[in-house]
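Chemist: Sharing a structure below in structure tokens format, with a few things to ask.
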Amino acid sequence: FALAHMVNDFDILKSYLDEGANGVETDITFSDEGEPEYAFHGVPCDCKRWCRRTVGFNEYLQHVRDLSTPGNPKFREHFIAIVLDLKLNGLSQEALAHGGMRLADKLIAYYWAHGRNATRITFIVSVPKTSEKVFLKTFLEEIKAVGYDDMLSKVAFDFTDNGDFSETQKVFEGLGIHEHIWASDGITNCIPLLFRGTSRLEDLIRQRDVPGYKYISKVYAWTYDKETSVVKALELGVDGVMTNYADFVIGIINKPEHSSKYRLATYQDNPFEKFVKSA
């Protein structure tokens, strides 16, 4: 997966899809009461990026529905994944609970459109901290309560706090989430990867590859903009790279030394199937 980072309005979405990105990351902001309102990041953000792009969340979902529905004039065949980076900091537990329910409601109303149409997006619901787990609890409860359990086949889950994954696994177990987990590791592009290192990323990949282990389906790294970082991630065996330069990452994947081992994921690929790196 070549995941374009911080895609918060329609112009930048078109630009990244034109570059060939098969997935995007979009930042979702909430009211103090927990209502999902906008695609928006704000300052500070990654280096060399405009931080204030924005669009209403309802409009965003309707637009990506058009882009990901075969037969629609706007359909983009290669567009198959969206990471919803949920901006939950500062919300009370009550607001978090409301937010999870309302995110489910909005996906049903504006993306799945109160019906099981042929939309192709897998949503990765990305929560910043495990202490905000009630958001996922009410999200799951609401989808099941209104009879949309089957659409969970198009949903993955992630905590982005770069914490000890053994503790994260316990949180997933407590939520009754035993599959469809995308684990991630990363840091802003303003800080060189050299200073962060890849030890945690390597740990996640090793855990993913344990035979029979089900709590990590995919591992992605963020936000990688330098060739050395992208090549390192590919060599380690990541499933996705989040980047501010999607065409650059795709170009690296397509180089002869990498194209024999890697290709961009398509809709025919299972977003929850493990592809274990050969020894």
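Cβ atoms are placed via backbone N, Cα and C, with glycine included.
Just lifted these from Swiss-Prot, have a look:
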ACT_SITE  His5  active site
BINDING   Glu25, Asp27, Asp85  Mg(2+) binding site
ACT_SITE  His41  active site, nucleophile
DISULFID  Cys45-Cys51  disulfide bond
DISULFID  Cys47-Cys190  disulfide bond
Chemist: Taking the recorded Mg(2+) site as Glu25, Asp27, Asp85, identify the other residues of that chain whose CB atom sits within 8 Å of the mean position of the site's CB atoms, giving them in sequence order.
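Modeler: Other same-chain residues with Cβ inside the cutoff are His5, Met6, Val7, Asn8, Thr26, Ile28, His41, Val83, Leu84, Leu86, Ser126.
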Chemist: Which ones are near Asp27 (Mg(2+) binding site): of the recorded positions His5, His41, Cys190, which have a Cα within 10 Å?
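Modeler: So the list is His5, His41.
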Chemist: Say you check the Cα of Cys45 (disulfide bond) against those of the recorded positions Glu25, Asp85, Cys190; which is nearest?
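Modeler: When the Cα distances are compared, Cys190 comes out closest.
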Chemist: Would you mind checking how many other C-beta atoms are within 10 angstroms of the C-beta on Cys51 (disulfide bond)?
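Modeler: I get 15 for this one.
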Chemist: When the Cα of Glu25 (Mg(2+) binding site) is compared with the Cα of each of the recorded positions His5, His41, Cys47, Cys190, which one is closest?
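Modeler: Nearest by Cα distance to Glu25 (Mg(2+) binding site): His5.
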Chemist: Indicate whether His41 (active site, nucleophile) is helix, strand or coil by DSSP.
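Modeler: For His41 (active site, nucleophile) - judged by DSSP and reduced to three states - the answer is coil.
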Chemist: Work through the active-site residues one by one (His5, His41) and point out the residue whose CB has the fewest other CB atoms within 10 angstroms.
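Modeler: Result for the active-site residues His5, His41: minimum number of other Cβ atoms within 10 Å at His41.
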Chemist: I'd like to confirm something. Which of the recorded positions, His5, Cys47, Cys51, Asp85, Cys190, has a Cα closest to the Cα of His41 (active site, nucleophile)?
Modeler: Cys51
